[in-house]
Amino acid sequence: MVDKTSDSGRCPAVVLAGGRSSRMGSPKAAVLLGGQTMLDRVIERLSPQVASIAVNLNAHSGGALPSGHPAIADTIPGLPGPLAGVLAAMRHARQVAPGASHVLTVPIDAPFFPGTLAARLQGALIVGDEIAVAWSLGEMHPLFALWPLAIADDLDSWIRTDEKRRVRAFIARHASVAVDFPVVATKAGPLDPFLNVNTPQQLEEAEEWLNRLEDSAI
C-alpha cells in the first residue's frame, strides 16, 4: 500500500453537484432529506474523512453553500458531463493542496456512502498513481473515486475530444483498483451504501431508509 494522497495523510475532496438535476426537477444540492439539504448531509458525512472539501457547482446548481467550503465551477464550458467536475476537482486540489497526489470525488446524490470511504480508497493504492474506485454488489460507482492529479491533462484532452465522455471509459484508460464495500445492515434488510437519489420517488425511498437505519448501522 502506498499513501501519497497528501502531506497530512488525508486527501482533499470535492462534492460533485454541478449536474442539471433534470430527473429530480430541482437542484439536488438543495433537496431536503431528513430535514437536511443533500449538500449539508454529504458534507457532514465527508468532513471527518478528508483534509478539505470544495463543491463543484455551476450556475443552475442551486443550494446554499455551507461556510468554509469553496464553490468551484467546471473549467470546460457547456456542461460536458460529470468528468468536467472531476477535472475541476483535480485542478482545484493542485492549487490548494500542493502535497497531494490524489483528490477524492463524491457525487451529491448518494447520501449513505460509507464513513470509511476515503480511508479504504487510500489504503487500496498500490503503486500510488492508480484510480481507486468504489464498488458494491458487483457494481462500479465511478464518481466515488480517488483520482491521481497527474492525469488531469489527459482528462482535459479526453473531455474535449471524446464524443461520449463516459466516466467508465476514461477509467479504463488508466491503471485502477476496485474497492468493494459491503451492504449496510438495517432493520429492514440490507442497504447498498451507494444508494442513488436521482428522482422524487428515490428521495421518498431514501427517507424511508433513513427512518429504518439502526443507530450504529452507518
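The backbone N, Cα and C atoms fix where each Cβ goes, glycine too.
The GTP binding site annotation in Swiss-Prot covers Leu16, Ala17, Gly18, Lys28, Asn56, Asp74, Asp109 and is backed by sequence analysis. Within 10 Å of the C-beta of Leu16 (GTP binding site) we count 23 further C-beta atoms, all protein chains included. Secondary structure from DSSP puts Leu16 (GTP binding site) in a beta strand.
According to DSSP, Asp109 (GTP binding site) sits in a coil region rather than a helix or strand. Under the heading Mg(2+) binding site, Swiss-Prot lists Asp109.
Sequence-distant neighbours of Asp109 (GTP binding site): residues of the same chain at least 6 apart with a C-beta under 8 Å from its C-beta are Lys28, Met38, Asn196, Val197, Asn198.
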